[in-house]
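Accompanying notes for the structure given below.
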């Protein structure tokens, strides 16, 4: 088990004041119970939006220390490499068999090769945004790819709009099996004590393993939510300042949609959120979902909440991004392992540090 010093380092890693968080209207809460499966079904409509809360039921009894977590990540990497090699080997065998059959068929059928009519695969993407950035592309552009996009693409947003993308995955099956119950918005509690924070970290690690996610850790400098969003949207956490500006811009553009969930004067809230280092909350997450037209899935460490799903309120989502939320104080970007290339896994592995 982790020592007292390691536990302390985990908690002390995060800096900055505790944020107030008032979850807005486009949020789905998924709950987790340790013993009995509870199924309720009820929709609560408020301000034109739905609140849905799900119950999932799994025990959280895995050991959580640095060695096990890193070993788990190594296992993910080795599994990914092994599956990739096996898939490549199978493809080569199939290709050789197909080529042999095609040659024989062509010789006997006036040179006609039936496999030349293979269907074309469209890997096109859609860009969102119009302001020019220094790198020559749209400053607020987000590359949104479909489920069929190549896994080694540099920039993409996972798409949840098609059932076939997640139908074969454990994560998609778990989502489809959950049943909604009412959710009432509330302000987040206090920062948990050290012992509870360590327990939350253990619970989050278990859920990351259960849903087969890889975590990309970002600094705990007060900008973690915006860094995690930037990593998902632009594939670099360094664009967190731009993401913050876009979110504040969205908040300003629709004050009537957000100010009712802020426990202070809305103009003061906007000024606070405009400052670098100011913690993001569920209101800023909702604004991010609206501004970028994406669904945001937040895997949490809460005892009774497995994950939160935040939907754009006025437009159809163009894709989905994933974050983790630990002990009410820190966000990281997370990626489904099956959608991550070997190169991308190795890059994320360098980011994965504990107690820093």
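Using N, Cα and C of the backbone, Cβ positions are placed for all residues, glycine too.
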State the residue range annotated as region 'Disordered' by Swiss-Prot; the candidates are 86-117, 118-149, 150-181.
-> 86-117
Count the other Cβ atoms sitting within 10 Å of the Cβ of residue 221 (active site), across every protein chain shown.
-> 13
Which entry in the list of active-site residues, 224, 330, has its Cβ near the fewest other Cβ atoms, using 10 Å as the limit?
-> 330
Of the residues in the domain 'OTU' (213-337), how many are helix, strand and coil by DSSP?
-> 56 helix, 28 strand, 41 coil
